[in-house]
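To start, the structure under review is shown below, and the notes come after it.
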Amino acid sequence: MVKKINKIALAVGGSGGHIVPALATREAFCKEGVDVLLLGKGLDNHPNLCDLDVHYKEIPSGLPTVASPVTAIRRMSSLYNGYRKAKKELCIFDPDVVIGFGSYHSLPVLMAALKKKIPIFLHEQNLIPGRVNKLFSRFAKGVGVSFHPVTKNFRCPSQEVSLPKRAFSACSPIAERLASHSPTICVVGGSQGAKTLNDHVPLALVEVAKDYPNMYVHHIAGPKGDVISIQHIYSRGGVSFCVKHFEQDMLNVLLSSDLVISRAGATILDELLWAQSPAILIPYPGAYGHQEENAKFLVYTIGGGSMILEKQLSQEVLTKNILLALDPETIKNRRAALRDYYQNKSSKSFYQFICECL
């Protein structure tokens, strides 16, 4: 018998790679009439939460790693304070289920849920599971994953699940603007790894534009990106462009792009598959190499793009890869590979998986 879920709490925080799937889960559960509360660190003023009517509570946390004694004490104090506040919020909200989306930001909430014996589920977005998700999988009822190969890494039932994508309009001014150019290129570095792309990609694209005078670049520079400097590079190079810190209509940008140059976070990977957008992936070298594994999956398993490691990155290497990626036959083959893979992905929703496991 499938149990009715009335309330869920989502343990989340950190980068968009954790926030975006949490918001997609929230949307899916809200459509089922479920009351949803987000709990985690870094939610105040998070760009992914702007303009959304989201019920959330900020929960302190600390990174439980080796550090100087003073730093370690401060982090453990934040972690303990977060645990106490999370336990209080869970008592008030009284959810049927707590879902963790990885990162240490979710740790206090998962600890509190375990203490209160609230059923825990997890969602893993990457090909290499994060430490918090691996740790709590032994206590969880189940883990929903974005990509099937990662299911073998957990100590509880796991299933590839689908999440709804970010909302987008079929009549988008962005789509209309990009449709008037060819080729169209999207550059996106993510919420934390944009600087390297901001420093290298514009110069390479100015070189590429010599062969493609009608090229258009939609460059998402990230919250700390120097938008004005990037605009100057494109302007001096005679490239048509739009440069901004953040993009709310991301799906229309991807749908309208002939090529995406990006980091290899799980969210962008999932959206590239959905939009069937060929990509050049430059994985962020930190975080235990999970982005490199994500990139290898899209490039070598699926055949949807190419990969450049950051240590190999140069204007010459980028220019060569971009010119190859813009070849019409290359675009056609990579789109077909992405389409074939996406059509065979599991269609089971995370909501359905959780209901079945309870």
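Any Cβ shown, glycine's included, is placed from N, Cα and C.
Since the structure is predicted, the reported quantities are computational estimates derived from the model, not experimental observations.
As written in Swiss-Prot, here are the features:
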type: BINDING; residues: S15, G16, G17, N126, S191, Q291; note: UDP-N-acetyl-alpha-D-glucosamine binding site
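Annotated features taken from Swiss-Prot, shown on the structure.
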{"residue": "S15", "record": "UDP-N-acetyl-alpha-D-glucosamine binding site", "Cβ neighbours (10 Å)": "22"}
{"residue": "G17", "record": "UDP-N-acetyl-alpha-D-glucosamine binding site", "Cβ neighbours (10 Å)": "26"}
{"residue": "N126", "record": "UDP-N-acetyl-alpha-D-glucosamine binding site", "Cβ neighbours (10 Å)": "25"}
{"residue": "Q291", "record": "UDP-N-acetyl-alpha-D-glucosamine binding site", "Cβ neighbours (10 Å)": "29"}
Could you find out if DSSP has N126 (UDP-N-acetyl-alpha-D-glucosamine binding site) as helix, strand or coil?
coil
Tell me the coarse DSSP state (helix, strand, coil) of G17 (UDP-N-acetyl-alpha-D-glucosamine binding site).
helix
